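Undergrad: Below, the features straight out of TrEMBL:
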ACT_SITE  D265  active site, charge relay system
ACT_SITE  H308  active site, charge relay system
ACT_SITE  S484  active site, charge relay system
DOMAIN    258-517  domain 'Peptidase S8/S53'
Amino acid sequence: MINRHYLFFYFVNYIVFCKISFTNIEYFKNIKVSKNKINLEKCMWNSLNINKTNCKGRFLHEIKNNMLHIKKKFKNPQSQINISYEENKSNKENRYKKNDIDDIIIKKLIIRFKEHNNFLRLRIFKKRFMNILSHCGRVKRLDDINFYLYDFFKGLSETYLKMCLQLLKSKRISVELDYKIKNNEEKSMNTSEKIIDVSHDSRLDSICNMFKLNNNSNFKFLLNKMYKKCNMTNILEGYDIIQLKEAMELAGPYEINDVNVCIVDTGIDHNHDDLKDNIIEIKKSKRNKIKGDTLYNNGENSMDRHGHGTFIAGIIAGNSQKDKGIKGISKKAKLIICKALNDNNTGYISDVLECFNFCAKKKARIINASFASTADHSSLFNALMKLQEKNILVITSSGNCSGNNKKNTFQHCNLDVKKLYPSAYTVKLNNIISVSNMLQQPNGNLIISPDSCYSKSYVHLAAPGKNIRSTLPHNKYAISSGSSFSAAIITGFASLMLSINSELTCFQIIEKFKNSITHEKSLKNKVKWGGFINAYNLIKSTAESLQYN
């Protein structure tokens with residue numbers, strides 16, 4: 001009886017397996033396909049032999065011994081790769097194409113399985129596909145955003161390489177090369193491989209693990225300690241027009257819910273007195289050395305030796321227990337930290353995807369992500385779409401710009417002229433808020449900062465980003481400016497809203513932001529909503545929604 005049940009189970013699984021479109025494989029380990037003279041195909045799988053008509057097409061065509069022809073174009077719309085390498089041609093003819101293949105082998109691949117109307121088939125297909133692919137390299141699953149990261153083994157035999165490259169031609173998957181996120185030091189932004197991080201102000205750079213002084217400013221950036229006592233949020237002075245003080249006073253009695261906020265940045269100083277009590281999760285990971293570039297330095301790889309991630313954290317959730325320290329916007333924010341950028345402000349798309357997956361796994365409600373790319377990467381879009389399905393809000397900065405091609409900036413300030421991502425995804429996704437840096441002039445006028453990107457199509461609103469105070473590593477503080485700090489302020493407000501009403505969805509949060517905008521003539525054609533956030537109206541609306549519920 002047991003054997004009969006076992007045989008029946010085996011047969012059912014085999015039938016399901018055969019219906020899945022395994023592509024580009026004739027033979028791999030224990031999978032074979034052979035034809036007989038009457039055009040019946042004999043499929044042999046795990047020693048089970050079954051004659052089946054029309055098995056052809058389920059295991060596709062054979063691989064020729066003397067030819068490797070890759071027509072697959074990896075899914076980067078601005079940088080598609082067409083690799084064709086024929087072994088029977090001369091080395092001179094194949095030199096460039098061999099280099100392209102070497103590039104694929106060296107770089108990490110980002111794999112996504114396309115949706116299928118039969119969940120069971122898709123699940124089995126994924127398992128079998130990646131099991132086969134694992135013979136050629138290392139597979140890392142990102143289950144929460146439906147991606148796989150893949151590295152080819154070093155010294156892989158030519159036979160295995162052929163088989164796995166053919167396997168990657170499957171129409172059931174999307175494959176993308178992993179590109180670097182880095183500071184922009186080149187004058188040209190036309191190449192799609194230039195992924196630029198805009199996570200700190202255009203006038204700041206990393207020096208001695210800290211921000212350097214801005215010679216054009218009349219204030220000191222680095223502070224060993226805060227000199228003023230603080231009883232409530234003290235990250236900015238001025239900007240009374242946004243009614244921050246009134247908002248914080250109103251929110252106090254209603255803040256009852258902890259809110260998981262994930263920061264994807266340069267890490268954090270988890271020993272900082274103003275932050276350590278609000279940190280609940282830190283992802284620890286390390287990238288191997290690639291062509292002379294090591295992502296993380298030796299030592300504790302989550303530690304922020306650049307300073308930007310720690311600065312962002314202080315704006316959102318600084319919670320000093322001393323009289324003199326930083327108090328951020330949301331005292332109930334519980335920080336989830338994922339380091340996607342190294343100490344030189346450099347990372348990869350795969351690092352961002354790993355962080356998104358980590359944020360989702362740890363039940364983050366909000367993700368703060370202050371980076372941008374000039375290229376539209378399908379992997380980034382699809383990951384953000386998965387976060388939308390999980391009701392996770394993503395807040396990003398519009399970016400910093402400079403016509404003089406200053407380091408770490410984009411040449412075009414108007415994103416309607418030159419798109420930046422993920423901000424440009426705001427027209428397709430409903431879980432992203434993009435924020436520009438607003439400054440207040442001596443006469444009281446509010447304008448978009450000259451070095452902040454803007455767009456009436458892709459950027460939602462403006463928020464203060466000039467002369468912001470926050471935390472730096474080693475229990476220090478700083479005053480700095482940039483669009484990513486404006487985004488962090490909006491992240492703090494979103495966390496504050498959820499601490500009052502945890503039932504709010506991404507759509508409801510965005511609608512409340514939109515309805516709490518103070519319209520400003522100077523911002524009308526600069527941001528989509530035509531103004532800046534009024535914090536008091538935002539918190540009032542949130543508290544009223546709680547009472548209504």
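Backbone N, Cα and C atoms are what each Cβ position is placed from, and that goes for glycine too.
Curation plays no part in TrEMBL annotations; they are all automatic predictions.
Predicted, not measured: the structure shown is a model, and the values here were computed from it.
Help me understand the surroundings of these features in the structure.
TA: Using a 10 Å Cβ-Cβ cutoff, H308 (active site, charge relay system) registers 27 neighbours.
Residue density at S484 (active site, charge relay system): 32 other Cβ atoms are found within 10 A of its Cβ, drawing on all protein chains shown.
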Undergrad: I want to verify one value. Collapsing DSSP to three states, which class is H308 (active site, charge relay system)?
TA: helix
Undergrad: With every protein chain in view, how many other Cβ atoms are within 10 Å of the Cβ of D265 (active site, charge relay system)?
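TA: Within a 10 Å radius of the Cβ of D265 (active site, charge relay system) lie 31 other Cβ atoms.
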Undergrad: Between H308 (active site, charge relay system) and D265 (active site, charge relay system), find the distance joining the two CA atoms and give it rounded to the nearest Å.
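TA: Approximately 7 Å lies between the Cα of H308 (active site, charge relay system) and that of D265 (active site, charge relay system).
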Undergrad: Would you kindly give the Cα-Cα distance separating D265 (active site, charge relay system) and S484 (active site, charge relay system), rounded to the nearest Å?
TA: 11
